[in-house]
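Enquirer: Sending over a structure as structure tokens; questions will come in a sec.
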Amino acid sequence: MKNRVISLLMASLLLVLSVIVAPFYKAEAATVVNTPFVAVFSNFDSSQWEKADWANGSVFNCVWKPSQVTFSNGKMILTLDREYGGSYPYKSGEYRSKSFFGYGYYEVRMKAAKNVGIVSSFFTYTGPSDNNPWDEIDIEFLGKDTTKAQFNWYKNEVGGNEYLHNLGFDASQDFHTYGFEWRPDYIDFYVDGKKVYRGTRNIPVTPGKIMMNLWPGKGVDEWLGRYDGRTPLQAEYEYVKYYPNGVPQDNPTPTPTIAPSTPTNPNLPLKGDVNGDGHVNSSDYSLFKRYLLRVIDRFPVGDQSVADVNRDGRIDSTDLTMLKRYLIRAIPSL
């Protein structure tokens, strides 16, 4: 957040975090992940993630509701909408990991919400609710101008490290990758595989949870602009990655969109394109899952062999796994 806003609201925010959020979390031994972690948001994985069901108060003019975190077509969707009969005028979604993550490279593929007065985010956080100091690293999109991303971080409650990066595109129009590499003496921020900013002062040290949320501001019009009450608004997320050893091969996911494989023979059907639209993307992944669950008995393409992505003569879960690895860029082609 803006330093000028934090200076005015720090005390109330800390009080709300400790009084309101803490009761919803029981103190447990922290599980810190130290191996590569990839989450593709095709469905709700309650073993790894949780949907918030409380209110932060202070500058957050909404209550978090599990109903506002949904999954469709290979995406996790956070929806900001009206809340009737409650203590807050709006409800929205927050999704957070159950485990903690420390130094390493973090990446998300997402599409931000666009509207004055709101924030779409990807960040790590720990604080009083986890019996830890407040340490946080943020990538935020202010809905009033989604051609920019705001980077920030906190160490032991001290922020004021905001940097506003001009993206060169509108983050609300398409999916792009955003990431940061967190090390003891610096944080490097990435956009579509390119390092765009390095921070070196007051670097946080405490492992935190991976979080995403969408919220309307209250009392921070100078920062976000005055929210006009427009609903519904959505931020969408395709995946999250974490690599403790840093940026994979010194090059995070470089491509802002999922490009289809190009067959050697252009007359051959495109492997993995099970819906026949000429592209291989999350819609094919969702359709493939329905086939394996026997919700459908065939794919809507003439040549069913497009689903045999590993070319072993069978269509099974091995093909789905390979398709998933392609979509998260773990393999370059099918």
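Every residue gets a Cβ built from N, Cα and C, even glycine.
Straight from Swiss-Prot, here's the annotation block:
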SIGNAL    1-27  signal peptide
DOMAIN    28-248  domain 'GH16'
ACT_SITE  Glu136  active site, nucleophile
ACT_SITE  Glu140  active site, proton donor
REGION    246-265  region 'Disordered'
DOMAIN    267-334  domain 'Dockerin'
Enquirer: For Glu136 (active site, nucleophile), write down the residues of its own chain that are at least 6 apart in sequence and whose Cβ falls under 8 Å from its Cβ; none is a fine answer.
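Expert: Listed in sequence order: Phe123, Thr124, Tyr125, Thr126, Gly127, Asn152, Trp153, Tyr154, Gly159, Pro204, Gly208.
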Enquirer: If you skip the near sequence neighbours and keep only those at least six away, which residues in the chain come within under 8 angstroms of Glu140 (active site, proton donor), Cβ to Cβ?
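Expert: Set apart from Glu140 (active site, proton donor) by at least 6 residues yet with Cβ under 8 Å, we have Val119, Ser120, Ser121, Phe123, Ala149, Gln150, Phe151, Asn152.
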Enquirer: What mean pLDDT does the predicted model reach across the domain 'GH16' (28-248)?
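Expert: Mean pLDDT across the domain 'GH16' (28-248) comes out at 95.
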